[in-house]
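Report on the following structure.
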């Protein structure tokens, strides 16, 4: 007995030291966590204040705080209540019984020792601490859903009802997600309460669990029954919410509520609500009865009912009743799915028009569509990116991240151009130059941009550059007065500006040019307290120790376009491709942003996307020099955007106040267009019978690529639509029938005002064969002349590169096909545009330039305008020297017209020359 008592006493100092270390570690962890939270808060507050969105910051912080406190309080109260009840009831048991029951499973340790330890614990404080800690974890997770609850509170009506329950669609977009979160939290809180109480009962011996005995006291049964009843009550509500989730089901035929769901699934859910209510009442009744059988029966009632009513019966009903007459029974539900999917993605706004595919092109037609011809894109992304890198990166630390297609009015004409910003990547500096000063103080910004027309090339096959060099030189392109790029796609680290040393600006010969920042970007960091804050935030003591930082210095953070926009508006989904715009001598980034939801009723989810509703409601403009961010609301009819505008009334500006020059550069975003095009492959079919049988399913065209077969990507193009008076900027993509290669339609999105955002699909006659891109590629590969030339180049040590897309060019009611061909040395990295391949009708040609290709294409028999029959009735005369001279003169004039791009003049002179030559030929035969 003496040994058992004195042993622990001798170990007490060591145990106290261990406890002290544990407490110290916990205190340090808590302090470090609070410091990290405080630094994040202060940095965010400073940053939001500087860029002018302090109201957004406080609204977001306030919403997170309210959700956190509400969830923490509710969870803690529930856990505390159950913990204290368990403690109150458990103390009625004898301490000796408690000790014996617990320690019997641990090897029959002395029961008096456990009783001593248990009795010395301050259980109320321990329960309070445990409840608060568990609630903290739950609340921290739920605080991230602040946007869902704000949308619930500020929701805007959609203005249309779902056809099954007649609820406004806004209920599904804004209320249902909040209800599901609340339901899930209630289930979690009840489950944690049960575990929390069970732990207390176990320690106090109310629950016995060993190899000889498994039992629990009547008190535990009563408490557990009360919680089980609450769980069944929440489950009843969950089944009620499941009625609405039927609108998101997918049985393979239709997305949304099907015939089986409405006639079997919905009644089954009502029955499950009733059974769950009965189970809840039975569980609560067991608080007095205190038996195992009643809760077990309640649980089996719900479990078996759910399996039979929600699982087995619908499967049997679908298999033996619905499947034999599936189309007839599912017809109204297929029609709902078609209508609501088209509505969710704005597919119902696509205007369908016929395209005759007459193939009646002539020189006169080409001349009438000169803007289209002059903007056929011959420079593909990758070859042009390689060329830019070789010719214009100038130093290893400059990088062209991505090339973009845009349009500008240059020299009085509407031109499609490729443009890319010359950004700075300090990580590409030599290894011995990878210093903190270089990364954060000296090499702070990129410089200028490169721009080239999509069609023109030099005599060496290189792009003609409208913008080039450092500092930027404009040769036909827009002037850049402020070329420095502090914010872009490559910038992922902070920099210090307005320091004690000038920043590297650009290289000039053997020397460098330096400059000092003179803008408003960045957060002030001159004060010691702010230097300490950012040093802790970035875990970088150099910010505190560096002598380069002065009282006027500013630190630029979040310089990446995507990160910058997401930090301000995390509820917006961003397009993958922000693009550079030069306006009034300054450089801006234009970022498309989407409002999305995955709760639009009965709508097909987008492929590989967690959404079934999307709108391009917001355009974001970021100043490349100052980093200012402006959000412009494009779609005032979007209820999701309207809801966020209610939440953040000063975040969005009307699109009408966007500078007019920037408005001219908005374009239809490719990500949205792809989603819509993918869905339109099926959802252009509006008749339920046709949709069910997939009779008219479309797909994207195939084309050779990457050593195999790839899917054609959409492309931007300037062209004039049939019946329109002027050329416009479009995003377009051809379509082909499923498992076929002939073209069936082409989809286009208009990018210019006043018709921005309107989608048009031009459908070809089903009885007429129109070659698709893959078929034209096959014809190109079958051309002996082209194949021989490509083989010859490959044998001469050059690598032939085909264009990524064979461009389908609609002109009037005809289709022209164009693809470039590049040459690159076997071990070189400088592609040259060497040939242009053009196809029209049955003819395929390859020439050095587009003009020559079109000239050759339309001089083939059958492709030119037919010669007037009056030619044969002209009086016969002998060919003379004057006729030969006139024919030669006509030829020379035709060549001049061709070089100047005057297709109409070329056609006139060529036809006149042909008439002369035919006349001379006839008279020679007569002789």
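Quick reminder: no glycine exception, Cβ is built from N, Cα and C everywhere.
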In Swiss-Prot, which of 87-107, 108-128, 297-317 is tagged transmembrane segment?
297-317
Quick check on the annotations: Swiss-Prot lists transmembrane segment for one of 264-284, 327-347, 348-368. Which range is it?
264-284
Swiss-Prot lists transmembrane segment for one of the ranges 65-85, 380-400; which is that range?
65-85
Transmembrane segment per Swiss-Prot - which of 185-205, 416-436, 437-457:
185-205
When only pairs 6 or more apart in sequence are counted, do the transmembrane segment (65-85) and the transmembrane segment (185-205) reach 3 or more Cβ pairs under 8 Å?
yes
May I ask for the residues of the chain that lie six or more residues beyond the transmembrane segment (297-317) and have a Cβ under 8 Å from a Cβ within it?
228, 232, 235, 260-261, 263-265, 268-269, 271-272, 275-276, 278-280, 282-283
Contacting positions for the transmembrane segment (264-284) when only residues 6+ beyond its ends and CB under 8 Å are counted:
225-226, 228-230, 232-233, 235-236, 239-240, 242-243, 246, 257, 294-295, 297-299, 301-302, 305-306, 309-310, 313-314, 317
